[in-house]
């Protein structure tokens, strides 16, 4: 396949045009008075959105060189979205501002490598300032504020705050479609896994077809149980206490299952057998989680624990165990809190090390179950288009809220980035030559988001910037919705610090890469055949 090449200034100009195409489409959505963008879909109804990353992902340019620039800006938006769940539009606006100024200076003869070095130094200083300004979230109202701003809805903000309060910092919150038009939170307390009773004869509530035991003993093993003999000693010990027994094993069959069912039906021993969750190594890890949560041990051949030797101390305990046809819930495990915390810390470390998204999700789910539960936000709407848009907003708001809990909050509305110009100004004074130019580019770019917010709301950005900088209070800023100057924290105009930091760092990273690009290589499009009819063969 033949290639096409572009060099130096011509290459950078093509990239800039691609960047502008995406940034101009995205930046009109910034701020409380940002506009919407309607995106045509190849099937189904069009999508109406004001989410930066959704818009950026849809843009594909015809000119292959310009399209490279567009793809780079998409990278800024999606990287910021992956890390912080929000701030994609801010990141795009910052990247465009840095690239515009950078290309101007590089074209005038500045060394792109030194310019990039200056950009990096200035960004490091700005990030420190963002950390200084940030405030930790103190209560549920703060969480609701952050979520409301990101989702542009107080109702959604309250739902997310309620869900986070219930499941805690490490809990899992998922977003699903509701069967009605209402949006609400469903909460599953305790450890829940998708395995139910092996036989319906274990059922204690025939109406609901479920097994409910209070204060049961829990036997946990990774073996397949078919012979009853190894179980008899522990079954006798449990029967003497008068408490029920829950058996979680790889499988229970044959003689073992028959004996357990008969004991249950005669009332000798209330029991239920449940298949262990997961497969392979994941099953072993989940059984260990259940053991730690309930204060028991896993009777495993690998560690040489025989079923005949088990004592009551080796069994787990819980306040309630509820078993349905294909679901088991363990509520109020009696495990040692310190051990549970250690296990959660261990899973957290695994999450940080893994690169697989699927692995990350399963680890987070395990952590949530240990931490105390899973919340599901059920999203309802009148039409499919509204449902898609609402679901997307909730997912975004959820990520932004988690980011706020992690690194705290800063004043929103582009104010924090504007305040971060102060330390950058010092860097500009300290540096010289082309590095100074790089730092100056960042200094100018930091005012781009507030400028755009003001423009979208119909105000003059330069006047607002001047007015805001007259006050030294980092929280003092401009409410573009009401057209008033105010304390941004008091007014509830806040952003997660992680979102602001990620937006700046990702924008600078792409700008630096783009400025140091000297050659573009793309595939040459194949010439189209204007004669679609095949030639007739000659006979």
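Each Cβ is built from the backbone N, Cα and C atoms, and glycine gets one as well.
As annotated by Swiss-Prot, ATP binding site applies to 29, 30, 31, 32, 86, 87, 88, 89, 90, 413, 479, 480, 481, 495. Reduced to three states, the DSSP call for residue 481 (ATP binding site) is coil. Same-chain residues at least 6 positions away in sequence with a Cβ under 8 Å from that of residue 481 (ATP binding site) are, in sequence order, 32, 33, 457.
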For residue 86 (ATP binding site), the number of other Cβ atoms found within 10 Å of its own Cβ: 32
For residue 479 (ATP binding site), nearby residues of its own chain (Cβ under 8 Å, 6 or more apart in sequence): 413, 485, 486, 488, 491, 493
Neighbouring C-beta atoms (10 Å sphere around the C-beta of residue 88 (ATP binding site)): 31
Residues 29, 30, 31, 32, 86, 87, 88, 89, 90, 413, 479, 480, 481, 495 binding ATP per the record - widest CA separation, whole Å: 20
Neighbour count (Cβ, 10 Å) for residue 31 (ATP binding site): 24
